[in-house]
Amino acid sequence: MKFSELWLREWVNPAISSETLSDQITMIGLEVDGVEAVAGQFHGVVVGEVVQCAQHPNADKLRVTKVNVGGERLLDIVCGAPNCRLGLKVAVATVGAVLPGDFKIKAAKLRGEPSEGMLCSFSELGISEDHDGIIELPIDAPLGVDLREYLKLDDKVIEISITPNRADCLSIIGVARDVAVANKMPLSEPQIEAVKPTTDAIFPIRVEATEACPRYLGRVIKNINVKAATPQWMREKLRRGGIRSIDPIVDVTNYVLLELGQPLHAFDLERLNGSITVRMAKQDEKLVLLDGTEANLSTDTLVISDEKQAVAMAGIFGGEHSGVNEETQNILLECAFFAPLAIAGRARRYGLHTDASHRYERGVDPQLQHKAIERTTQLLIDICGGEAGPIIDVTDESQLPQSATITLRREKLDRLIGHYIPDEQVGDILTHLGCKVTIQENCWQAVAPSWRFDVEIEEDLVEEVARIYGYNNIPDVPIRADLIMKKHRETDLSLQRVKTVLVDRGYQEAITYSFVDPKIQALLHPQQQALMLPNPISADMSAMRLSLLTGLLTTVVYNQNRQQNRVRLFETGLRFVPDENADQGIRQELMLGGVITGNRFEEHWSLEKQSVDFFDMKGDLEAVLELTGKLSKISFRADVNPALHPGQSAGIYLENEYIGYIGVVHPELERKLDLNGRTVVFEVLWNKLASRVVPDAKEISRFPSNRRDIAIVVPENVAVEDVLAECKKVGVNHIVGINLFDVYCGKGVAEGHKSLAISFILQDTARTLEEEEIAATINKCVAVLKQRFQASLRD
């Protein structure tokens with residue numbers, strides 16, 4: 001937005017320089033993008049009047065004039081401007097004047113005729129780029145007055161960038177309010193009084209779309225002179241605001257737009273049929289706009305219509321059919337509040353962007369319309385004459401925005417700003433901003449003014465106090481933090497440590513969605529009911545996962561479809577299990593899961609291709625379990641899992657408590673999920689592994705160890721794990737290592753049995769074991785195994 005500094009100072013005039021004022025405007029949140037002088041540097045240019053104008057005898061395009069500048073004699077000046085004529089008030093650069101670019105005016109002869117100065121155009125004075133002709137000043141401009149003083153050219157145009165929430169500052173009054181508060185000064189508003197009707201003329205108005213248009217005001221003004229000249233002061237303010245002067249009616253509505261921030265529109269009353277209706281556009285309805293283009297209206301576009309057709313696009317652009325022209329005598333002046341959501345995006349849809357739509361999209365003061373229509377009416381009558389009728393007011397109060405009561409707590413204010421601002425000063429700032437403030441204990445109750453519709457929550461009030469108090473007035477305080485070492489128990493096992501082990505073993509971490517395809521999940525967990533989402537992203541993401549397995553297997557398929565056949569992934573994340581006894585009926589548990597498929601090793605010329613199997617995954621998992629120090633207490637037991645191969649899977653138990661599973665994916669599931677080749681998975685409850693057993697340091701024996709091997713035959717259904725556990729119990733004092741190194745079934749072993757080859761490492765920390773002691777320990781183990789498992793030594 002652009003505006004004149006002098007115009008702003010008519011409303012509030014702090015005793016500060018232009019530079020300081022610009023900095024202040026920026027610091028209160030209205031960023032100044034640029035400041036430019038209204039005119040170039042020149043002097044010696046005065047107001048004059050052309051009293052004689054004749055054709056140059058020696059040039060077709062030049063005129064010889066005599067110009068009165070209020071001195072003792074008339075000046076002879078040769079001029080080539082096409083609009084030079086008798087009686088015109090002009091800007092005269094007299095002899096000795098210096099124009100922009102250090103151009104000095106001297107007496108000279110042009111084609112034989114003397115010229116004692118120059119009649120200037122706007123471009124020659126650096127005021128604008130208009131060089132079509134010389135400046136035409138009002139007929140009442142006083143002769144001989146310095147042009148800089150008359151046009152108030154010692155002024156600057158300030159351009160500010162307005163954030164979308166500060167639509168109230170798309171006007172002089174909005175900027176002036178903030179400047180006044182920042183300088184603790186009163187606002188000098190112009191007196192706006194109600195215009196008494198001098199005619200009973202009215203025009204019927206009906207609002208159908210009350211939600212989109214809660215308030216619509218109309219006023220008939222008759223016998224208006226549309227050919228009257230817009231005052232120079234108004235044209236200059238418009239020009240400095242970036243708006244071109246068109247005619248007095250448009251100029252006045254644009255002036256009030258810049259002054260108060262309220263868009264208005266004038267219809268030619270004689271070109272309206274019957275009545276005005278504010279409604280949504282009809283299907284396939286068209287409207288020819290003021291610029292001559294035709295818009296094909298969509299049904300969500302708000303329009304102003306008469307009894308025959310749409311006559312304007314509400315809040316965006318007027319229609320050609322009802323537009324004011326040189327023949328207009330009677331007008332209907334419109335001033336309305338359109339809801340931002342009813343206007344937002346519509347202008348861009350039709351390739352338009354107008355000052356009105358820019359403001360309506362962001363919001364205007366819903367209580368401003370009466371004030372704006374009275375201001376516009378008075379200016380129109382002062383400039384164009386006419387007779388004003390009464391205001392027709394169609395308002396639905398229930399649809400108008402209402403200001404909320406907001407509580408600002410002292411604790412919240414101090415915490416967010418980081419600086420104490422006295423209570424009295426906080427109250428003054430809010431009051432001067434237009435809020436209705438009630439002071440309570442340690443807080444303020446504030447109702448924002450109607451023009452500050454962006455102030456809705458407590459943080460908004462904190463921002464208002466901070467920016468008016470001045471960010472520069474908030475002292476810089478170095479950031480302080482107490483560096484307290486986090487307590488770390490030696491028994492805690494870091495999840496990051498586990499991830500590092502898996503990465504070192506060739507795995508990559510995956511992060512999959514907690515939302516999964518319920519159909520795939522049902523294949524993996526047919527007996528469990530999942531939590532379904534009421535508003536899912538899509539049908540294949542409509543269930544909360546019961547395990548990490550669904551996401552991991554889906555990721556494997558995704559990679560295999562992209563020629564990545566060797567896949568090793570792990571993931572940590574929550575699973576969501578419906579449980580009536582859990583908080584809010586959902587049990588959330590952190591899980592650790594993994595999956596491998598493809599070759600055991602990366603492809604290499606010296607290695608044969610070997611597919612991964614159950615024991616590859618078991619080895620990787622045992623590397624993780626080793627970190628807990630509980631590996632000796634963890635057992636793998638044959639178990640039934642519908643997602644896993646019945647002969648190549650196991651449940652994982654910690655001291656008889658189930659904590660997870662491991663196994664090869666069931667062949668039937670491999671087919672249904674389009675998995676390519678054997679796929680092995682595991683999943684364990686992380687909270688069961690998150691603590692570790694701190695190892696006890698023991699003295700390394702200086703005495704020799706002894707190895708003894710035995711081969712025993714046991715029934716085929718006996719678990720090796722149980723055999724080894726019994727041996728450990730027997731030889732707890734001397735056996736320091738037990739290892740299964742061979743399993744054999746076949747010739748020499750009875751059917752339904754298997755041969756287990758077990759090695760024992762025996763050692764004592766205090767002495768060398770005698771052969772008799774070693775033999776006694778081994779014999780005792782064999783005896784226990786015979787009794788417990790019907791084992792026998794193999795021949």
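Backbone N, Cα and C define each Cβ position, glycine as well.
Mapped onto three states, the DSSP output places GLU464 (Mg(2+) binding site) in helix. Its Cβ placed at the centre, GLU464 (Mg(2+) binding site) has 25 other Cβ atoms within 10 Å. Summarising the annotation, Swiss-Prot assigns Mg(2+) binding site to ASP454, ASP460, GLU463, GLU464.
If you look up Swiss-Prot, you'll see 39-148 marked as domain 'tRNA-binding', on the strength of sequence analysis. Here the domain 'tRNA-binding' (39-148) is broken down by DSSP into helix, strand and coil counts: 5 helix, 48 strand, 57 coil.
Under the heading domain 'B5', Swiss-Prot lists 401-476, citing sequence analysis as support. According to DSSP, the domain 'B5' (401-476) comprises 33 helix, 15 strand, 28 coil.
Taken from Swiss-Prot, the feature domain 'FDX-ACB' applies to 701-794, supported by sequence analysis. Mean pLDDT for the domain 'FDX-ACB' (701-794) in this predicted model: 90.
Here ASP454 (Mg(2+) binding site) comes close to ASN165, ARG166, ALA167, ASP168, GLY363, ASP460: these same-chain residues lie at least six apart in sequence, with C-beta atoms under 8 angstroms from its C-beta. The domain 'FDX-ACB' (701-794): residue composition by secondary structure is 30 helix, 32 strand, 32 coil, according to DSSP.
The local packing around GLU463 (Mg(2+) binding site), expressed as other Cβ atoms within 10 Å of its Cβ over all shown chains, amounts to 17. Sequence-ordered, the extra residues of this chain that approach the Mg(2+) site, with Cβ no more than 8 Å from the Cβ center of ASP454, ASP460, GLU463, GLU464, are ASN165, ARG452, VAL455, GLU459, LEU461, VAL462. Its Cβ taken as reference, ASP460 (Mg(2+) binding site) is surrounded by 17 other Cβ atoms within 10 Å in the chains shown.
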